[in-house]
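Taken straight from TrEMBL:
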TRANSMEM  85-107  transmembrane segment
TRANSMEM  119-137  transmembrane segment
TRANSMEM  149-173  transmembrane segment
TRANSMEM  203-225  transmembrane segment
TRANSMEM  310-327  transmembrane segment
TRANSMEM  334-361  transmembrane segment
TRANSMEM  373-394  transmembrane segment
TRANSMEM  428-446  transmembrane segment
TRANSMEM  458-481  transmembrane segment
Amino acid sequence: FLGAGKPPMYGDYEAQRHWQEVTYNLPIRQWYFNTSDNNLLYWGLDYPPLTAYHSFLCAYVAKLINPDWIALHTSRGYESQPHKLFMRTTVFVADLLVYIPAVILYCFSLRETSTKKKASIWGALCILLYPGLILIDHGHFQYPLSLGFALWGVLCLSYDWDLLGSVAFCLALNYKQMELYHSLPFFCYLLGKCFKKGLKGKGLVLLMKIAGTVVVSFAVCWLPFCTDVAQIMQVLRRLFPIDRGLFEACMFSSPPPCSKLANIWCSLSVLIKIKNIVSPQTQLKISFAVTFLSLLPTCIKLTVHPSLRGFKFALVSCALSFFLFSFQVHEKSILLVSVPVCLIINEIPFMATWFLLVSTFSMLPLLLKDGLLLPYAVTTLAFLSVCTAFFSILEKTSAEDLQLKAFSISLKGYVSWFKSFPRIVRSLFLLSLTLMGLLSLASAALSPPQRLPDLFPVAVSLVSCLHFLLFWVYFNVVILWDSKNSRSQKKIS
């Protein structure tokens, strides 16, 4: 694990263990406050209440096995093999209970693209083999619960179980605040359905039911903190640390995230030191404005023409807008884009596979710090092999396969250019794979020049950011040129 055995902080693994220590040994009113027993500078809780409750549940089990694992103060930096096995098991159990069932049920519900049980199994296998999530959850040590709850939300909405879908997404948002990346597509899709039913009849009733469901879900999650306004405000301050600026350096990372994060602000910081020029408050305003403008067309389209297909593509586009342009992004946040991409891998297998490969590559500096070079190589090759074998991705590069038929027709006089489009796309894909492979080898095997110690992480960041910008344009084109009467607009049965 990153930071393992390295005081004073020991890494992300210790963060998860420490939250168990804090939540089990301290009263709820102290979980988010700085006290003599809870030093917020030492991995203070900075996720919503459901994360804290989950930590408490894990701590309760840990206490039964070995109380030393969560002993207040004395357990800092605890890294025994039995405890590592316990912690890995908790992640695996979270996978089995929440994430994996959602993936399998979703794939078996895809009637319009997967008419056979074998196809559903292969589709689920491709999603579950996505290397980014495997490496972060089981290598870097994170829990997949927020993404799992979000998937359950998508699954429920695909069956028109709007209230259950709202509850599932509220759980996701109350587990990790980064689920805000997906919040606007959920909101716009449900609001669009209400408009479509008519706000003077069934639509108004549905809107009131959804609003009530959301309020009750949040109230239940936050109930222990609702006794005092100061409690609520302190939790919110921990969740949204505005004073840190656009990005912050990680104490275990060298180079810091601003030179290895593949979003627009960190890439620009290579040339322009934004944090030295603009105040944190102005940085927040700029990033908010750019993010809002980048996702506005997609949200308007989804609200005016709500469809399940448009909803899934909007999840990708909006999450990618947040990743590229928003405030306080972490390299792991690309998973919030990747999981929605997994949901459309049956519809656009070529572009989805390409994106998922780039998203894993974008986290390479972090993975190398974790000592995950071999797992990175093995899982990436396995994923590419399965997707190539099942989807035959190199044969799915026509404008129609890439959902660009309507866009190509709208170009009118330039339609003839699309005759060579499949060949161009395949060439770009192979060039991209080659470049990512060479940079991966160089990052792992070569020492950078003394004058440019951050050469390889910066190169990975810039290459990945360029890819993501092109993908952002692509997904927005697909969404905005989508025809309401297209054959691909069928809803999930």
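From the backbone N, Cα and C atoms, a Cβ is placed for every residue, glycine too.
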| field | Contacting positions for the transmembrane segment (119-137) when only residues 6+ beyond its ends and CB under 8 Å are counted | value | 91, 95, 100, 103-104, 107-108, 110, 113, 143-144, 147, 332, 334-335, 338-339, 342-343, 345-346, 356, 359-360, 363, 367, 370, 372, 375-376, 379-380, 382-383, 386-387, 390-391
| remark: Counting only residues at least 6 beyond its ends, the same-chain positions whose CB falls under 8 A of a CB in the transmembrane segment (334-361) are 103, 106-107, 110, 113-114, 123, 126-127, 130-133, 135-136, 147, 150-151, 154, 178-179, 181-182, 262, 309, 312-313, 315-316, 319-320, 322-323, 376, 379-380, 383-384, 387-388, 391, 393-394, 396-397, 401-403, 425, 429, 432-433, 436, 439-440, 460, 463-464, 467-468, 471, 474, 478, 488
| field | Most Cβ pairs under 8 Å with the transmembrane segment (310-327), selected from 149-173, 203-225, 428-446, 458-481 | value | 458-481
